[in-house]
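Trainee: Below is one structure. I have some questions about it.
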């Protein structure tokens, strides 16, 4: 069964190195796999200031971060295909890829997959959950032809 995906890509930043809409759709489909028949989500690409503000307001951390996930919680009794929103800071993703000596496209794929897994309920606060999430991320990333994102470059 093929996933019916409605992806709203919002670009609130100037950059000439952004992946294409098709890239984002591929990465979202990879992350969601066969878990859903229909999915709606928004990916918003932002500047440092917006990322920092959201990270401060929602996580109490006064610094920008690579990806923030905002899962949608439907009211009881309502079945909606809306997964939620991902907010990705372009400058942080680009800087991390450079610092970690990773291809930019591979790091973008990792951040989108990582964020989507959060929308599906995965987390990495507890060590066991972190291992499960990282293992799944690695499997999905390698399935796209990229290297293990957690292996030191």
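Including glycine, each Cβ sits where the backbone N, Cα and C put it.
The following feature annotations were taken from Swiss-Prot:
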BINDING   114, 118, 124  Zn(2+) binding site
Trainee: Could you name the residues, excluding 114, 118, 124, of the same chain that surround the Zn(2+) site, i.e. Cβ within 8 Å of the Cβ centre of those residues, in sequence order?
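Mentor: Counting only non-site residues, the set is 67, 69, 115, 117, 122, 123, 133, 137.
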Trainee: Near residue 124 (Zn(2+) binding site), which residues of its chain come within a Cβ-Cβ distance under 8 Å, counting only those 6 or more away in sequence?
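Mentor: 130, 133, 134 - these are the non-local Cβ neighbours of residue 124 (Zn(2+) binding site), listed in sequence order.
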Trainee: For a quick check of packing: other C-beta atoms within 10 Å of the C-beta of residue 118 (Zn(2+) binding site), how many?
Mentor: 21
Trainee: Counting across all protein chains present, how many other Cβ atoms fall within 10 Å of the Cβ of residue 114 (Zn(2+) binding site)?
Mentor: 25
Trainee: Does DSSP put residue 124 (Zn(2+) binding site) in a helix, in a strand, or in coil?
Mentor: coil
